[in-house]
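Engineer: Right, I'll just put the structure down here and ask away after.
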Amino acid sequence: MDKMCGNNHFILDGDKKPGISLQLTNNNQYEKGFNCTVKFRTAQRSQRLIITIEKMNIIDCPSDSLRIYDSTTLLNKDPKQQCGTPASFTFTSSTTEISMIFISNSVVESSGFQATIALHFPMIASCPQNLGFFQCKNKNCISTQLQCDGRNHCGDGTDESLCGIFFD
Ligand SMILES: [Ca+2]
């Protein structure tokens with residue numbers, strides 16, 4: 001995420017970029033006095049976004065925090081999901097845009113968080129795997145390109161749950 005800050009939108013698109021993984025930070029600790037916004041949106045108006053925070057380690061809480069917005073609506077309203085070391089959590093947007101805003105103060109730093117964003121295709125009712133879609137157990141419909149890559153894109157981890165068991 002360190003290199004993605006700014007007001008430009010990263011566009012997720014069904015063919016080329018159906019999902020993305022990001023982390024703050026690639027280093028051991030995030031920077032002091034960091035103020036970073038990263039914005040994502042869907043290529044198509046019918047699409048939605050799934051954001052999953054796989055891990056979070058923001059010790060200087062609440063001075064340092066991550067806020068996630070569905071357009072202008074705060075998604076992680078629970079302060080325990082803005083910093084600290086919460087369990088993995090996920091949201092599916094009701095709009096075509098998600099913003100992540102991370103702020104740190106000048107004192108303590110820690111490793112930050114690891115997240116995925118994936119396109120959800122709510123208009124494709126049956127979510128057919130032979131047409132390139134995968135239906136998660138939680139009913140999110142993502143691209144099959146995001147299965148079995150070691151990152152939780154469904155939100156419930158079911159895109160990673162049946163990987164390799166027939167071939168190992
Ligand atoms: Ca995945």
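Here the Cβ of each residue, glycine as well, is placed from N, Cα and C on the backbone.
Where the annotation comes from TrEMBL, it is an automatic prediction and has not been curated.
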Engineer: Candidates are C141, C148. Which one does TrEMBL pair with C163 through a disulfide bond?
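Structural biologist: Of the listed candidates, TrEMBL names C148 as the partner.
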Engineer: Between C127, C141, C154, which residue forms the disulfide that TrEMBL gives for C136?
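Structural biologist: TrEMBL lists the disulfide between C136 and C154.
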Engineer: Counting only residues 6+ away in sequence within the same chain, which have a CB under 8 Å from the CB of C163 (disulfide bond)?
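Structural biologist: When sequence neighbours closer than 6 are ignored, C163 (disulfide bond) has Q147, C148 within Cβ distance under 8 Å.
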Engineer: What are the sequence-distant neighbours of C136 (disulfide bond), meaning same chain, six or more residues apart, C-beta distance under 8 angstroms?
Structural biologist: I142, C154, G155, D156, T158, D159
Engineer: If you count Cβ atoms within 10 Å of the Cβ of C148 (disulfide bond), leaving out that atom itself, what do you get?
Structural biologist: 14
Engineer: Could you put numbers on the helix, strand and coil content of the domain 'CUB' (5-120), residue by residue per DSSP?
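Structural biologist: Residue counts in helix, strand and coil order: 3 helix, 60 strand, 53 coil.
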